[in-house]
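According to TrEMBL, the features are:
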DOMAIN    47-190  domain 'Alpha-D-phosphohexomutase alpha/beta/alpha'
DOMAIN    220-325  domain 'Alpha-D-phosphohexomutase alpha/beta/alpha'
DOMAIN    335-462  domain 'Alpha-D-phosphohexomutase alpha/beta/alpha'
Amino acid sequence: MCLMKLPWQIAISYLVDLKNQKTKEQIENLLQNGKHKELRDRLCCRLTFGTAGLRSAMGAGFCYINDLTVIQSTQGIYKYLERCFSDFKQRGFVVGYDTRGQVTSNCSSKKLAKLTAAVLLAKDVPVYFFSTYVPTPFVPYAVQQLKAVAGVMITASHNRKEDNGYKVYWENGAQIKSPHDKEIIKCIEECVEPWNGSWNENLVDTSPLRQDPLKKICDSYMEDLKKICYHRELNMQTNLKFVHTSFHGVGHDYVQWAFKAFGFQPPIPVPEQKDPDPDFSTVKCPNPEEGESVLELSLRLAERENAKVVVATDPDADRLAVAEQQNGCWKVFTGNELAALFGWWMFSRWKENCSKDADVKNVYMLATTVSSKILRAIALKEGFNFEETLPGFKWIGSRVKDLLDNGKEVLFAFEESIGFMCGTSVLDKDGVSAAVVIAEMAAYLETKNLSLAQKLTEVYETYGYHISKTSYFLCYDPPTIKRIFERLRNFDGPQSYPKFCGDYNILHVRDITTGYDSSQPDKKSVLPVSKSSQMITFTFQNGCVATLRTSGTEPKIKYYAEMCALPEQSDRAVLEEERQKLVEALIENFLEPDKNGLIWRSA
């Protein structure tokens with residue numbers, strides 16, 4: 001319908017609804033300068049729910065994060081929740097935010113959170129609005145603790161500084177997934193005109209329906225953390241020192257309090273990155289997953305302070321990177337390597353502390369399907385259950401809740417992009433709890449004269465080496481991305497997937513986008529179909545599993561490759577060489593970066 005109008009008509013219609021002078025000026029300037037294509041790009045498509053809710057650059061337009069799109073999204077959520085919950089106005093809604101902001105569009109996470117709350121308060125919905133910035137995990141935790149029907153966190157996590165986001169949690173404490181996302185989008189389209197009161201961000205300060213849950217949730221969260229603390233006395237006595245960087249985000253105070261809850265001395269903060277800074281002034285990219293290049297300040301501080309371990313939380317503190325000093329060098333662990341350590345730790349602590357009548361067959365660990373299969377190997381040997389989900393913690397969180405509701409015990413879950421869930425107090429990835437758990441693990445291992453890296457080797461030698469490589473290419477042209485994946489679906493002819501990748505024989509192909517899986521008798525994928533994203537997995541004869549997929553939040557084609565060896569295959573160098581050759585074949589034969597103009601990862 002929008003495309004039937006001329007760009008200037010759309011722009012004028014849009015301006016009527018705007019009260020933010022900065023975003024208004026952006027549209028007016030485009031209109032005056034006759035930039036009709038950019039006007040169409042900004043105004044003729046709407047944000048949709050991806051892997052992590054709504055996420056985009058801050059600025060004017062329906063495909064950007066701004067005051068109006070946040071108000072419209074919240075109005076849609078209100079309409080949907082009103083249909084789903086008869087007790088919506090008794091149970092209420094949780095709103096949290098991080099420290100992002102942008103002067104040019106007059107958008108900040110706090111302001112957008114206030115507008116989110118205003119829409120609901122104006123409709124007589126009680127709102128639990130945090131009085132200051134909080135880690136993302138606090139919102140799903142609060143939804144469950146306060147028995148709210150849903151919650152929103154305003155954050156773009158580790159994305160570039162220009163971005164912001166709108167992350168929605170359901171009453172179960174997990175991120176929303178289908179059909180809720182699609183139904184909310186429909187409701188947004190039904191009520192795009194801002195309601196009376198929706199712009200009144202002052203309602204947060206004046207409405208009796210607003211409560212500040214900060215102290216209650218923080219105290220409760222720190223108390224719940226102690227459920228996964230097993231060596232408090234040891235923590236109090238350790239001489240091990242830790243450095244923590246919060247990447248200019250929200251994590252500093254909360255990680256300090258978490259270490260205190262575990263009995264540790266506080267970690268040493270990186271002073272230049274301790275306090276919130278929406279410009280992320282000391283890093284090119286606020287993503288600790290990028291490795292040593294972005295951990296520079298924390299590593300140098302650790303060397304000066306003789307600290308052995310660095311823990312880094314991303315700007316909204318839901319993900320964790322870890323580095324360990326070894327003989328003057330630093331090892332930055334991958335998400336998959338950390339998962340091997342967490343998996344060993346959480347199971348060994350369970351085994352040591354469980355009751356006599358506890359049944360290992362009642363115990364579960366989970367991972368997304370693009371993550372390492374190391375938990376599967378541990379589960380096979382130790383007797384507990386392992387399950388895979390689609391990529392994204394929304395799938396993990398929902399499945400964990402189902403398992404808990406059916407009397408199962410879930411110890412750990414993860415995704416390879418340094419997202420970890422230790423215990424089940426929060427049904428989402430949580431960098432704060434993961435940081436203090438890894439610290440306790442390191443302190444315990446030191447009493448055994450082991451480093452984290454040495455223990456990782458032990459884990460692999462016990463359960464089999466799982467050597468993975470994860471990286472990505474940037475691609476800003478959606479038709480190119482579609483062409484790459486359609487070629488793979490019609491490789492040797494129509495509806496024919498490749499049987500080889502260079503010299504490597506392919507045993508099975510699974511295409512989550514179409515629901516095809518050649519390993520199943522009926523050729524149908526066990527995991528749910530996800531038509532909104534591209535994802536194809538290849539299982540090779542040599543034991544390697546490789547996946548190509550698009551990112552739900554960034555213009556990336558990601559690739560994941562892992563050699564899954566048996567314990568007796570212990571020559572790591574041979575396994576790494578084989579994996580590297582296969583990755584090169586995967587890139588050359590399936591992605592064709594030069595031909596498709598793909599941009600190699602720079603870090």
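Keep in mind that glycine also has a Cβ here, set from the backbone N, Cα and C atoms.
Nobody curates TrEMBL annotations by hand; they come from automatic prediction.
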**Message:** Within the domain 'Alpha-D-phosphohexomutase alpha/beta/alpha' (47-190), count helix residues (DSSP H, G, I), strand residues (E, B) and coil residues, in that order.
**Reply:** 57 helix, 34 strand, 53 coil
**Asked** What mean pLDDT does the predicted model reach across the domain 'Alpha-D-phosphohexomutase alpha/beta/alpha' (47-190)?
**Response** 94
**Request:** Count the residues of the domain 'Alpha-D-phosphohexomutase alpha/beta/alpha' (220-325) that DSSP assigns to helix (H, G, I), to strand (E, B) and to coil, and report the three numbers in that order.
**Result:** 42 helix, 17 strand, 47 coil
